[in-house]
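Have a look at the structure below before the remarks.
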């Protein structure tokens with residue numbers, strides 16, 4: 001890798017470290033930055049998170065400069081900046097079913113969400129169907145407060 005490439009990588013890593021929230025409960029702050037094409041003459045298709053439309057959208061990157069809201073694929077953008085769908089399941093009654101510890105949805109694999117149960121957080125499979133009645137459930141980190149009612 002050339003020294004210019006290493007400097008660019010170092011710059012992006014420094015920017016990422018500065019813009020990542022300390023709490024880990026929200027998407028990285030760079031997700032709210034506008035699309036920035038950069039200073040070179042290239043025309044590389046990339047994706048950025050548009051905080052106004054709340055979607056990952058395509059733009060053309062020049063190949064140098066720009067900011068960290070710049071992803072090679074729409075999936076990378078979505079995984080980094082969009083909250084995962086679904087809600088956390090009710091707290092498991094049985095012991096031994098604990099999932100991986102997490103800080104936010106983005107630290108959980110696949111469609112799992114980061115759920116808080118009595119002060120501990122763990123990755124759990126998201127629930128997508130409507131509840132038959134109003135139920136008190138734990139919540140995904142960064143969305144509705146724990147213990148809030150989930151309406152039908």
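Our numbering is plain: 1 for the first residue shown, then up by one each step along the chain.
Including glycine, each Cβ sits where the backbone N, Cα and C put it.
For reference, Swiss-Prot has these:
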| type | residues | note |
| --- | --- | --- |
| DISULFID | 31-81 | disulfide bond |
| DISULFID | 40-64 | disulfide bond |
| DISULFID | 56-77 | disulfide bond |
| DISULFID | 88-115 | disulfide bond |
| DISULFID | 102-114 | disulfide bond |
| DISULFID | 108-123 | disulfide bond |
| DOMAIN | 31-81 | domain 'BPTI/Kunitz inhibitor' |
| DOMAIN | 81-127 | domain 'WAP' |
| MOD_RES | 25 | pyrrolidone carboxylic acid |
| SIGNAL | 1-24 | signal peptide |
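Secondary structure from DSSP puts residue 114 (disulfide bond) in a beta strand. Counted within 10 Å of its Cβ, the other Cβ atoms near residue 123 (disulfide bond) come to 20, all protein chains included.
Spatial neighbours are here defined as Cα atoms within 10 angstroms of one another, and by that definition the neighbours of residue 102 (disulfide bond) among the disulfide-bonded residues 64, 108, 115, 123 are 108, 115, 123. Looking at 31, 40, 88, 102, the disulfide-bonded residues in this record, the fewest other C-beta atoms within 10 angstroms of the C-beta turn up around 40. In this structure the C-alpha atoms belonging to residue 77 (disulfide bond) and residue 31 (disulfide bond) are separated by 9 Å. Residue 81 (disulfide bond) is 8 Å away from residue 56 (disulfide bond) when you measure Cα to Cα. With respect to Cβ neighbours within 10 Å, the disulfide-bonded residues 64, 114 differ, and 64 shows the lowest count.
For the domain 'BPTI/Kunitz inhibitor' (31-81), DSSP puts the residue distribution at 10 helix, 15 strand, 26 coil.
The closest partner of residue 108 (disulfide bond) among the disulfide-bonded residues, by CA position, is 115; the full candidate set was 40, 81, 115. Of the candidate disulfide-bonded residues, 40, 64, 88, 114, the one lying closest to residue 81 (disulfide bond) when CA atoms are compared is 114. In the structure as shown, the Cβ atom of residue 81 (disulfide bond) sits within 10 Å of 23 other Cβ atoms. According to its DSSP assignment, residue 123 (disulfide bond) is in a strand. Among the disulfide-bonded residues 31, 88, 114, the residue whose Cα lies closest in space to that of residue 64 (disulfide bond) is 31.
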